[in-house]
Each structure stands twice: as C-alpha cells, then as structure tokens.
Amino acid sequence: MLPRRWADGGYYRGDSQAANDDEGGHSDSTEGHDEDDEIYEGEYQGIPRADSGKGSLAGGPGSVGAGAQQFRDISVSEAERRKDQEELAQQYETILQECGHGKFQWSLYFVLGLALMADGVEIFVVGFVLPSAEKDMCLSEPNKSMLGLIVYFGMMVGAFLWGALADRIGRRQSLLISLSINSIFSFFSSFVQGYSTFLFCRLLSGVGIGGSIPIVFSYYSEFLSQEKRGEHLSWLCMFWMIGGIYASAMAWAIIPHYGWSFQMGSAYQFHSWRVFVLVCAFPSVAAIAALNAMPESPRFYLENGKHDEGWMVLKQVHDTNMRAKGYPERVFSVTTIKTVKQMDELVDVGTDTPAWQRYRLKIMTLLLCFSVLQIRNNILACFRPEYKRTTFMLMAVWFSMSFSYYGLTVWFPDMIKYIQKQEYESRTKTFTKERVEHVTFNFTLENQVHRQGYYFNDKFLNLKMKSMVFEDSVFEECYFEDITSTHTFFRNCTFIASLFYNTDLFKYRLVNCKLVNSTFLHNKEGCMLDFSDDFNNAYMIYFVNFLGTLAVLPGNIVSALLMDKIGRLRMLAGSSVISCVSCFFLMFGNTESGMIALLCLFGGISIASWNALDVITVELYPSDKRTTAFGFLNALCKLAAVLGISIFQSFVGITKAVPILFAAGALAAGSFLATKLPETRGQVLQ
C-alpha cells in the first residue's frame with residue numbers, strides 16, 4: 001500500500017527508532033513487488049506522531065495555552081534542525097551509493113543540459129541579431145547599447161528570484177516556471193515590431209533563463225554521490241558550450257538568408273533574423289518537455305519533511321539504475337530516511353480545523369514564498385555567522401572572474417571590428433575640387449570622400465552609397481532616384497533645384513546643408529534592410545563566436561577529468577593564474593587572426609576556473625540555502641558582467657593597456673581569494 005496520510009492533509013515523519021520497532025519496516029517487505037507498477041506494495045509505512053490530530057489553529061478558551069505549549073524555544077529548534085541536517089547528509093550519501101550512478105543520472109544529465117544550453121543560447125542571441133535589428137528598428141547607438149545589455153539585467157533579476165524560490169517551492173517546479181517564461185517571451189520577441197516591446201520581451205526572456213544556472217547545478221548535484229559530483233557537474237558545463245555553438249550555427253545558417261522574410265506594407269516586417277530568434281527558443285521548449293518526465297529532487301523533499309515523496313524518488317533512481325545494469329532483482333533496502341524538523345511544524349493544523357482554514361493556510365504559505373520579504377530573508381540567511389565569510393569570499397571571486405571574463409569576451413569582437421574598420425578606412429579614396437557635369441551614376445559608390453566638388457545636371461539612379469562622404473560640395477539641378485545608403489553623409493553641402501525621389505537620404509544625413517528650390521518626393525519609410533554588402537562581415541561575426549565557443553572544449557574535458565583528482569581549489573586558482581598570464585599576450589594582437597587566436601586561448605583556459613567555481617559554490621552551502629546562494633552569486637556575476645562590458649568597450653580604439661591591466665588584476669585577485677576558500681573534494685553534500 002502507499003504511505004498513509006492523515007486526515008488533516010499533513011505528512012508525518014517516521015522516526016528511525018520507531019521504524020526499527022515496527023516489524024513491517026524491514027526491506028524484506030518489498031520483495032515480490034511489481035517493477036512496472038507505480039504503486040508499490042509492502043513499502044515503508046509511516047508511524048503516526050504522538051501529537052497527530054491534536055490541537056488547532058483556533059479553539060476554545062484553552063487554545064491560547066495549548067498554542068503556547070506547542071511553540072518551542074527557537075534556538076533549541078534550530079539546533080535540532082541543524083542536527084537533523086547533519087544526520088540526513090551522512091545517510092543521504094550512503095543511499096546514493098546504494099542507488100549507484102547509471103541510466104537515471106544520465107537521463108537527468110541530458111534534460112538539465114538542455115536547460116543549460118538555453119542559457120548559453122540566450123547570451124548570444126542579441127549580439128547576433130543586433131546588426132540586423134538596428135537597421136530594421138532604426139536603432140540609435142544608446143538604444144543598441146541598451147539592447148546589448150538588457151539580457152544581463154534580466155538574467156541578474158532572474159538568478160536572484162528563481163534561486164531563492166527554488167529553495168522554497170522546489171528545484172523542478174522553479175525551473176519549469178522560469179523556462180516557461182523564457183520560452184514565451186522569446187517567442188513573442190520574434191514577432192513584435194517596436195523597439196520598446198522587443199526590449200521588454202528580451203528583458204523578461206532574460207529573467208526567465210536567469211534561473212537556469214543556479215537551479216540546474218543544485219538540482220543535478222543532489223542526485224550525485226561525492227566521488228562522481230565534481231566530474232559530472234563539469235561534464236554538465238559542456239552544454240553551455242553547446243548552446244553557444246548552436247546559436248552560432250543557426251545564425252550562420254539563417255540570418256544571411258534574406259529571402260526568408262515577408263512584410264505587410266511598411267507596418268509589419270518579418271526578416272530572417274526574427275526566424276533566428278524563434279529557433280533559439282527551441283532548447284528551452286525541449287527542456288520543458290523533457291523536465292516533465294523527471295522527479296523533484298529527493299533531497300529537497302527530505303529537507304522539507306516529506307519523507308514518503310523523497311523515499312519514492314530514491315527508489316525510482318535505484319530501480320532505474322539496477323534494471324539498466326541487468327540487476328532487476330535487487331531491492332531498495334532503505335526503509336526509513338532522516339527528515340529535517342520543519343520550523344512551521346510548531347503550528348499543528350489538527351482535524352478540528354475547518355477545511356477552508358487549512359486550504360487558506362496552504363495558499364498563504366505559497367504566496368509567502370513569492371513575497372519580496374521572503375526572498376530577502378532567504379538571501380540574508382546566507383550571511384549568518386556560519387556562512388558570512390564563505391559568502392563574502394565567493395562574492396569577491398565571482399565578481400572578479402565575471403568582470404574580467406565578460407569584459408574581455410565582448411572586448412575581443414569589438415577590437416576585431418575596430419581592426420577591420422581601420423583596414424577599411426586605410427583604403428578610402430579622396431577626391432578634391434572635382435567638377436562633374438551631365439553624368440549618370442548607376443553603380444555602387446563605396447568608401448570615398450569628395451571635398452569641394454561641383455556637380456551640375458548629374459543623375460544618381462538606382463544605386464547604393466556605402467561609407468560615402470560629401471563635404472563642402474554643390475549639387476545643382478541634380479536628380480536622385482531610388483537611393484539606398486549606409487554610413488553616408490553630406491556635410492556643409494548646397495543643393496540647388498535638385499529632386500530627391502524614393503531615397504533614404506533623410507535629414508540626419510544632410511548635416512548643415514542648404515536646400516534651395518529642392519524637393520523630396522516619396523521618401524523611403526523606416527530603415528531599409530540591406531545586407532548585400534555585409535555578407536563577409538556577418539559570417540566573420542558568427543565564425544569568431546563559433547571558434548571562441550568551441551575553444552572551451554579542451555578546458556571542459558580537462559576540468560572534468562581532473563576535478564575530483566586535484567581538487568576544486570587547485571583547479572580554480574590554477575586556471576585563474578594561467579588566464580591572468582595569458583592576458584598580457586593580448587598586447588601582441590594587432591591583426592584579426594591574432595585576436596581570434598588569443599580569444600580562443602583565453603576562453604579555453606578560463607573555462608576550467610568557471611567549472612570549478614560552479615562545483616565549489618554548490619558544495620559550500622546546505623540544501624536549504626543552496627540555490628538561494630547560487631542565485632545571489634550568479635546575479636552578482638551578471639552585474640559584474642555589465643560593468644566589465646561597459647568599461648572595456650569604452651577603451652576600444654583608445655588603448656589596450658587599461659583593459660588588459662583591469663582583466664589581469666581582477667583575475668589575480670580572484671585566484672588569490674580562491675585559495676582562502678575551504679576545499680570540498682571528498683565531502684558529503686551538506
């Protein structure tokens with residue numbers, strides 16, 4: 001029969017001593033069960049608490065006195081709770097050893113890998129679509145910068161929010177909600193037209209995916225025994241790399257195909273970059289579908305006093321692994337598992353309490369989990385005396401690594417663009433005081449500067465102007481028709497009796513110009529999407545990111561193989577030191593190929609420190625604070641990323657020395673502080 005529940009709707013907890021006295025509690029009782037049945041016969045049956053069914057939320061005249069007796073001293077209760085957690089940690093490790101590592105963990109590995117892959121995709125989406133979206137939405141430089149950073153703000157809020165909630169409502173449920181929000185708003189963002197609505201959708205998409213990293217690592221770690229934890233959490237990090245490769249490959253395959261688009265007048269346009277945004281939501285949708293087949297973390301159940309649910313999940317893990325290994329006859333021998341005393345057990349909802357009051361209490365408890373005050377309290381719990389030093393040290397390490405890593409990884413592509421721009425400008429042709437009369441221009445004009453020219457009765461028909469500058473020139477009786485321009489400006493020019501028909505030469509392209517008897521007819525509306533001249537540049541962006549992401553593969557493999565052999569701290573500090581040294585090689589990156597090679601080198605080295613930091617963060621906090629602490633630190637990581645990106649970008653084209661010194665200094669400080677953290681290799685999960 002199934003484990004019993006009492007009439008008051010609450011769970012009871014089996015005492016280990018009482019279970020030993022119960023003759024039906026032995027593992028022999030599970031023999032002969034049907035493995036394909038979801039209802040197991042002869043399994044653990046809980047033992048009623050002595051106070052079951054007594055007391056109520058409201059009662060007669062003696063209810064106040066009865067309630068006072070039920071409230072125990074808080075310090076004593078917390079001490080009992082800590083003792084329960086320590087006993088549970090030891091027993092839980094023994095149970096995981098019995099369950100083994102096999103099919104169940106690998107199935108969960110791929111499911112959670114999809115969620116981590118969705119996080120990797122989210123980082124790259126805006127960067128890949130920005131060159132297209134800026135023309136489609138007529139984005140100014142400040143708007144482009146905000147769009148580039150908005151995903152980090154969203155992920156910062158999401159990590160903070162979902163990390164705290166996962167310790168209250170469960171890892172699986174929180175991850176499902178966060179991924180659903182990410183999927184919904186990623187889908188909407190591919191169709192909305194305005195800049196503001198697109199920005200809003202990407203913000204909420206980032207909020208959703210922000211919960212992925214803190215929940216995924218905590219969730220998976222609670223199914224891994226101590227000798228497997230470091231290695232397999234490192235293997236899980238591979239999916240972030242796969243997400244980056246997926247985003248780069250999809251951008252490469254989709255965005256340049258400009259025929260994959262349609263529009264309804266000038267009001268609604270759906271170009272190929274929007275198809276790319278839609279495709280990037282697939283990993284998140286796939287993770288949601290797969291996660292529905294996975295159970296909640298049994299450690300979360302046991303930490304919250306839900307013995308029967310936790311026992312059932314652990315039995316599922318055991319039976320799945322044993323069947324896959326060819327030992328279906330092996331019986332899960334555990335009958336009773338230690339559960340942690342709950343603080344809210346101080347109030348006993350008895351059978352005399354009306355049903356509507358019991359349901360009201362449950363709803364209020366759920367709403368409390370989502371309250372700002374509860375999230376704040378969860379965060380503050382990470383700063384209690386026993387965790388304060390660890391939390392501050394991890395904050396410094398997370399901040400320093402994120403500041404340098406994200407700052408440099410965005411600075412690299414910007415430097416490559418700057419080098420390309422310098423090379424392009426070095427090929428600029430300059431014409432001075434030229435006089436052109438009765439000439440028809442019907443071919444592309446590109447990368448030219450014309451100063452003090454005079455153009456009389458000339459025709460500019462059906463052509464493209466790219467990076468063209470006309471200064472102090474006069475256009476008299478000239479005719480401009482069907483002109484498409486990019487980075488083209490007329491400065492201090494005079495137009496006399498000239499006609500502009502179906503052009504995109506808007507006023508902001510005419511700087512301090514005089515118009516005398518000149519007319520504009522049927523101007524092109526909006527920002528015209530023309531990528532025909534940007535093929536090579538677009539492919540270069542995708543190729544660089546593809547190489548940079550693929551370069552972390554060796555670092556992932558090395559960290560996974562050595563994490564449990566040399567320890568987390570040596571991996572973290574050693575990788576940070578080598579990354580710090582590699583920063584100084586950036587001074588020699590003066591060509592595109594040189595910068596790409598250095599980007600790959602830095603990424604391949606630094607990934608090992610990230611993997612070690614993820615593992616040690618999971619292992620330094622107890623289960624009831626694990627995702628809260630991880631989410632808080634990951635939110636700090638995104639804040640540091642925004643600062644690093646903003647600061648490093650401001651030095652592009654000015655100097656390399658400052659970004660290099662900033663990155664090297666931050667990595668050096670992070671590696672030093674990492675050595676002060678406690679080593680967690682070989683320890684049970686708190």
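Any Cβ shown, glycine's included, is placed from N, Cα and C.
In TrEMBL, the feature transmembrane segment is placed on 202-221, out of the ranges 202-221, 342-361, 482-501, 502-521. Counting C-beta pairs under 8 angstroms (sequence separation of 6 or more), the transmembrane segment (392-412) reaches the transmembrane segment (657-675) with 3 or more such pairs. Away from its own ends, the transmembrane segment (202-221) comes close to residues 108-109, 112, 115-116, 118-119, 122, 125-126, 147, 150-163, 165-166, 171-172, 174-175, 178-186, 189, 229, 232-233, 236, 284, 297, 614-615, 617-619, 626-627, 630-631, 634-635, 638, 685 of its chain (Cβ-Cβ under 8 Å, at least six residues beyond either end). Taking pairs at least six residues apart, the transmembrane segment (275-294) and the transmembrane segment (233-255) share three or more Cβ pairs below 8 Å and count as touching. As a quick check, the transmembrane segment (595-617) and the transmembrane segment (233-255) clear the bar of 3 or more Cβ pairs under 8 A, pairs 6 or more apart, so the two touch. In this chain, the transmembrane segment (233-255) lies in contact with the transmembrane segment (539-562); the count of Cβ pairs under 8 Å, excluding pairs fewer than 6 apart in sequence, is at least 3.
The stretch in closest packing with the transmembrane segment (629-651), judged by the count of Cβ pairs under 8 Å and taken from 145-163, 175-196, 233-255, 657-675, is 145-163.
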